[in-house]
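**Q** Have a look at this one before I ask anything.
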Amino acid sequence: MLALCLPWTARAVAPQGDAPSPLTLWYLQPAAGGMNEALPIGNGRMGALLYGGAADERIVFNESSLWTGDKNPGGDYGKMGSYQKFGEIDFDQPAIYSATHYRRDLDLASSTAHVRYDANGVTYHREYFASNPAQVIVARYTADRPGAYTGALSLAGAHDEKIAVSGAHRMTFSGKLSNGMAYEAQLQVIVDGGTSKIDGSTISIDRASSVTLILGAATNYVMDYARNYQGGDPHPALTQQVDAASQSPYDTLRRRHIADYGTLFQRVSLDLGKTSSDRRALPTDARKILAGQGDDPELEQLLYQYGRYLLLSCSRPGSLPSNLQGIWNDSNTPPWSSDYHTDLNIEMDYWPVEVANLPECAEPLFDLVDSQIPSWRVLTQADPEYKLASGAQPTMGWDTRASFNVTGGMGWLWIKTTNAWLLQSYWEHYAFTGDKEFLRKRAYPLMKEICQFWGAELKTLPDGRLVVPNGWSPEHGSFEDGVSFNQELVWDLFTNDIAASKALDIDADDRARIAALRDKLLTPKIGHWGQLQEWVEDKDDPNDHHRHTSHLIGVYPGHEFSVQETPAIMDAAKVSLLHRGNIGDVTEWVYPWRAAQFARMRDGDGADRQLTQFFAARNSCVNLFGLLGDVTPPVMQIDGNFGVTAAMSEMLLQSQNDGIDLLPALPMSWRTGSITGLRARGGFVVDESWRSGALKSVTVHSAASAALTLRYKRKSVALTFKPGQTIRLDGSLTRQ
């Protein structure tokens with residue numbers, strides 16, 4: 001299917017002399033499958049989907065805070081609200097009745113997208129980017145001959161707004177949602193050469209040599225419970241942003257954007273080997289089809305870096321965090337409201353931020369959660385559905401339902417201990433960065449509060465063991481006491497709280513109390529067919545292929561279990577994982593989670609088999625977004641993209657066990673390669689290279705004074721670092 005049924009020249013390989021970069025997604029036809037094929041760009045706060053039609057350009061755009069809904073005290077999921085489409089831009093060029101030599105691409109290295117094609121003897125070029133420094137989205141249309149652009153350009157909102165067009169070619173719409181949220185978009189159209197005129201709500205362009213679009217969008221949303229999450233009129237700040245960008249030369253905007261993005265993206269490089277020239281010459285959609293046959297390491301590299309690109313595009317300081325669809329949405333009624341799911345999805349979105357060297361991208365998560373907690377406290381303590389061991393409602397602390405919005409509301413079921421799961425990201429941020437100010441002011445107070453919450457509400461069994469009462473293993477089974485998912489998360493919370501109080505040298509008495517509680521927690525048991533039990537009762541079905549592996553959360557992303565300290569538990573966890581299989585209701589996020597769990601089990605080939613599944617047609621889109629292929633119609637979802645990046649990082653480096661393990665789960669298919677810039681707990685940055693499946697060299701940098709145990713297979717070495725010191729070692733862990 002091709003947009004407008006234009007007669008494209010179908011070529012199976014890249015144009016001659018135009019070899020694609022390994023970090024480029026590229027295609028020989030426009031997007032015809034909606035969000036599943038459009039190319040995404042974003043600056044954290046704003047995002048756009050680029051469809052790339054030659055005669056009919058379409059750009060759908062979003063802003064991360066445009067949400068319906070409110071505090072929703074009843075928890076009715078249907079009343080919680082949803083993330084909204086903001087609007088779209090269309091540029092119709094009726095004279096483009098045929099196009100040849102078409103190509104569209106997304107360059108991850110520069111965060112720029114492009115379209116190129118030939119028509120009527122002219123070669124047309126487009127370039128797009130979403131600038132974080134300028135806080136606008138930019139598109140530029142050029143050609144190799146003057147006067148090539150004739151057509152009508154229009155702006156449309158997603159809520160039947162009236163479009164205003166000024167004599168200065170500024171197109172604007174604004175509105176207010178039912179919850180009182182005010183919003184506005186402004187599009188500056190800059191035409192070079194030819195003529196242009198305002199025609200109602202469109203701008204007609206005749207024989208222009210180039211066209212530049214500067215798009216801004218904003219709402220009055222603020223992350224402040226006391227202000228009911230609404231601030232002042234977005235118009236003044238938005239106008240200032242669009243004015244400033246419109247007055248800047250295009251090359252200046254582009255240069256600032258690439259420099260800002262590159263500083264973050266270029267921290268990590270990955271080389272898993274070279275793909276054959278024949279395979280590399282195929283467009284991304286053709287390579288994706290062949291991915292199950294293996295022999296395309298550069299496609300795996302691309303998918304790894306795509307996760308980092310998407311994080312930088314949808315989660316930067318000052319924005320909201322990634323939702324189920326990141327920041328991209330072409331509907332006012334998106335699947336699952338494009339909300340924040342707490343029983344896996346939002347947590348998975350942020351698994352790679354620390355290890356893949358993008359800690360800044362976690363700030364929106366912390367900012368949003370901090371802003372919602374005052375509302376969550378009220379809702380948790382007031383809702384009669386939330387029951388404690390005593391049967392009463394809690395009088396302190398907070399927990400979450402399965403979903404939440406950005407205005408203090410939640411929906412669907414209460415899922416106990418998701419409070420602990422959200423706080424896991426807070427601890428990991430400190431563990432990787434060593435930022436004691438963050439730990440002291442933001443992470444530890446919340447961890448302490450929820451430790452007190454669970455310390456008071458755990459249920460004591462006749463044998464003295466402590467369990468979370470009336471919990472659930474998402475989204476599987478009944479509500480009951482001592483569910484493994486809940487037990488493992490509380491263990492993780494207590495352990496991290498103990499480490500935090502030690503790091504801050506405070507609350508020694510409270511630390512001892514939490515340690516005593518942790519030691520009384522019921523530990524998951526090994527069942528009759530060798531599995532790690534999901535519930536207290538030994539009732540797991542070996543033929544159960546449910547998508548969630550929530551009872552293995554202590555394997556990953558938690559760290560209660562390890563091959564060094566709890567080998568029997570890890571063996572049982574592997575039995576459970578193998579029996580889950582790759583059939584049933586598995587979906588896109590399943591495979592990276594299981595890959596990461598296999599990696600913690602030191603099974604690189606098992607992890608690799610899971611990752612390969614992600615390329616299947618039912619699990620990922622043409623544009624490599626994750627895909628829920630088991631629903632009708634299939635819909636994109638982004639968590640699997642981030643899970644892939646996290647799992648691949650886990651296969652190459654682990655640091656959860658009081659040291660760093662090098663290449664802990666290297667698969668046979670990654671025989672030779674290297675990675676630079678991975679981060680490890682303790683504030684270390686690590687570069688690794690390997691050849692023929694064996695470590696070749698490692699470089700470790702520490703920003704602070706530190707002691708470290710470095711391990712590779714059965715070898716280990718103790719290192720001591722001075723501030724800012726870098727130590728290099730060979731494959732036998734001998735210093736160079």
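Cβ from N, Cα, C; glycine included.
In TrEMBL, annotation is done automatically, which means it is predicted and not curated.
So TrEMBL has the following annotated:
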DOMAIN    25-73  domain 'Glycosyl hydrolase family 95 N-terminal'
DOMAIN    79-223  domain 'Glycosyl hydrolase family 95 N-terminal'
DOMAIN    250-652  domain 'Glycosyl hydrolase family 95 catalytic'
DOMAIN    654-716  domain 'Alpha fucosidase A-like C-terminal'
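Give me the structural setting of these features: burial, nearby parts and distances.
**A** Mean pLDDT for the domain 'Glycosyl hydrolase family 95 N-terminal' (25-73) in this predicted model: 97.
According to DSSP, the secondary structure content of the domain 'Alpha fucosidase A-like C-terminal' (654-716) in residues is 0 helix, 38 strand, 25 coil.
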**Q** When only pairs 6 or more apart in sequence are counted, do the domain 'Glycosyl hydrolase family 95 N-terminal' (25-73) and the domain 'Glycosyl hydrolase family 95 catalytic' (250-652) reach 3 or more Cβ pairs under 8 Å?
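**A** Stretch pair touches.
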